[in-house]
Structure formats: C-alpha cells, structure tokens
Amino acid sequence: MDKLQMELWFTEKQTPDHGITSKVVRTLHHEETEYQTVDVIETRQFGNMLLLDGMVMTTDKDEFVYHEMIAHVAMNTHPEPKDVLVIGGGDGGAIREVLKYPTVETATLVEIDERVIEVAKTYFPSIAGALDDPRVRIRIEDGIRYVEKAENAYDVILVDSTEPIGPAVGLFKREFYERIFHALRRDGIMVAQTESPWFNRDLIARVYRDIADLFPIARLYTASVPTYPSGLWSFTLGSKVYDPLEVDEIKLHRPETKYYTPEIHKALFALPKYVAELTK
Ligand code: SAM
C-alpha cells in the first residue's frame with residue numbers, strides 16, 4: 001500500500017465567510033509575544049510568510065507591491081523629504097523604500113513589538129536588511145504615544161499598521177490623524193494603509209473623510225497585493241501642500257522598484273467607480 005501523504009495547508013480566514021489558503025512546506029517560527037502571535041511559514045507559492053495573529057502581513061514574493069506603494073507616492077510627491085516616520089512596519093519594508101531617496105537624513109521606525117523586528121531580520125533579510133542603515137532610528141513604543149510628542153518634525157509619515165484590532169485600533173482613529181497633522185511640517189504628507197475596498201468599505205470611507213477634513217488634499221489609491229484580503233489594497237494620503245495628482249512626471253525620481261513607476265503614479269488616481277464612491 002502507498003505511504004499516506006500528509007499535507008499541511010494554512011488558511012487565513014479573512015472574513016467570517018472567506019479565506020486564503022496556502023500549502024505549507026514547513027513552519028519556521030512560532031511565538032506568543034506581549035502583543036500578538038508571530039508565525040513564519042515557508043510556502044512554495046509566496047516564499048516565507050509572516051503571520052501576526054494568523055493574518056498574513058508580508059510574504060517574500062509579493063511584499064514589494066505593498067512596501068513600494070505605501071512609500072513612493074508620498075516620497076515622490078514631496079520635493080525634498082528629509083525626515084520620515086514609519087509607524088508600525090516592523091518588517092522594515094517601508095523603511096527600505098524610503099531610504100531610496102537621497103534627500104532622506106533620518107528614517108524613524110516606531111514599532112510596538114520588538115519581536116516583529118527580530119523575527120523579520122532572521123527570516124526576511126531582504127526586507128529587514130535596511131533597518132541597519134545609519135539613517136534609521138528604531139523606537140520600540142506605541143505609535144500613538146510617539147506622535148503625541150512630535151510637533152512639526154517630519155516631512156512624510158507612513159502608517160504601516162496591522163488590521164484595526166488590538167494595539168492598532170487607535171491607528172485608525174481621527175484623533176491619531178490629528179496628531180499626525182501636527183507632527184508633520186508645514187508641507188508634510190501622510191499615507192496610511194486602509195485595508196480592502198471589498199471588505200472594509202465603511203472603514204475606508206470613514207478614514208478618507210477624517211483625512212479630508214484635516215488636510216487640504218486627500219487622495220485614495222489602490223494596489224494589487226495577492227495575499228491580502230480580496231487581493232486589492234487601499235492607501236489614503238493626506239497632504240498639506242503638494243498634490244500627488246499635480247506632480248510633473250518628468251521630474252519624478254525613478255527609484256529602483258518592481259511595481260511603482262512615475263507612470264503608475266500619474267495613473268493611480270483614476271479609481272474604479274466602486275472605489276471612487278468611498279471618497280464621496
Ligand atoms: N503590511 C501589513 C499589512 O497591511 O497587513 C502590516 C505590517 S505589520 C509589520 C504592522 C506592524 O504594526 C506590526 O508589526 C505591529 O506590531 C505594529 N503595530 C500595531 N499597532 C501598533 C502601534 N499602536 N504602534 C506601533 N506599532 C504598532
């Protein structure tokens with residue numbers, strides 16, 4: 001008789017009625033930190049996958065889309081970003097993209113869970129490697145507390161958070177965006193990851209409204225991230241002076257990327273109607 005073939009599959013239940021499933025080659029890491037469960041699994045389809053509380057945060061194969069798109073739209077809209085703050089983002093991917101701009105003098109990462117950074121350095125060196133750059137400052141702290149103390153200090157702030165549960169709940173609140181407004185310089189720009197236009201419509205509409213109330217310029221854009229719920233992800237941008245729609249394509253930087261280009265930047269804001277509705 002043939003040997004019994006056992007296969008291990010991981011499913012993230014992305015809504016009560018829908019999920020994403022991947023075959024697991026092996027489990028590389030599992031731990032309960034003070035804040036969340038941290039797992040790393042190896043998959044054939046997407047390489048190593050970082051899971052926080054059972055939710056896919058990043059994978060070797062598709063991380064570039066999310067990290068490039070949370071960073072470059074703001075970084076390339078601001079004419080001279082010098083001081084950049086990333087809240088969350090302990091895997092280091094957003095910081096890696098920010099560091100591609102020669103104007104950057106400091107890139108500060110405020111991550112609540114030190115273990116995410118350590119695990120990323122071990123299992124995702126191509127993402128977390130940038131955290132060793134001398135321009136990077138790492139603060140292990142709640143991002144909400146951190147921005148309360150910052151005033152007129154940053155050119156760009158990126159909110160690279162987990163889903164709005166546990167310590168990340170406050171990262172989706174209006175008071176937090178108010179603090180970000182004050183932490184930005186007079187011509188600063190912020191971008192927050194704002195979940196799926198399929199599954200999180202109320203959240204996107206609410207965050208967009210809050211940001212549009214606070215900032216003279218608010219823009220919503222999307223990118224296709226295959227391992228995130230619904231495969232389509234949204235980002236909400238708030239800007240005090242510079243409009244990402246008005247940038248001169250010719251003058252834009254062409255950082256080394258796999259998804260973002262100045263042409264994509266110009267096209268990003270032509271939203272499908274069912275997504276544009278969320279900004280009305
Ligand atoms: N790209 C991912 C996504 O959209 O699924 C998110 C990246 S994940 C590395 C986000 C990080 O935010 C986690 O490491 C988590 O520990 C951190 N985080 C959650 N709440 C936070 C808070 N209040 N302050 C700082 N970091 C926080």
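Positions of Cβ are set from backbone N, Cα and C atoms, glycine also.
Among Asp91, Asp142, Asp187, the residue that TrEMBL places alongside His67, Asp160, Ser161, Thr162, Glu163 at the spermidine binding site is Asp91.
S-methyl-5'-thioadenosine is bound by Gln36, Asp142, Gly143, Pro167 in TrEMBL, and the record lists one more residue there from Glu7, Glu68, Glu111, which is Glu111.
Ranking the binding-site residues His67, Asp91, Ser161 by Cα distance from Asp142 (S-methyl-5'-thioadenosine binding site) puts Ser161 first.
Highlighted here are the binding-site residues (Glu111, Asp160, Ser161, Thr162, Glu163, Pro167) whose C-beta falls below 6 Å from ligand 1: Glu111, Asp160, Ser161, Thr162, Pro167, in sequence order. With respect to their backbone Cα atoms, Glu111 (S-methyl-5'-thioadenosine binding site) and Glu163 (spermidine binding site) stand 14 Å from each other.
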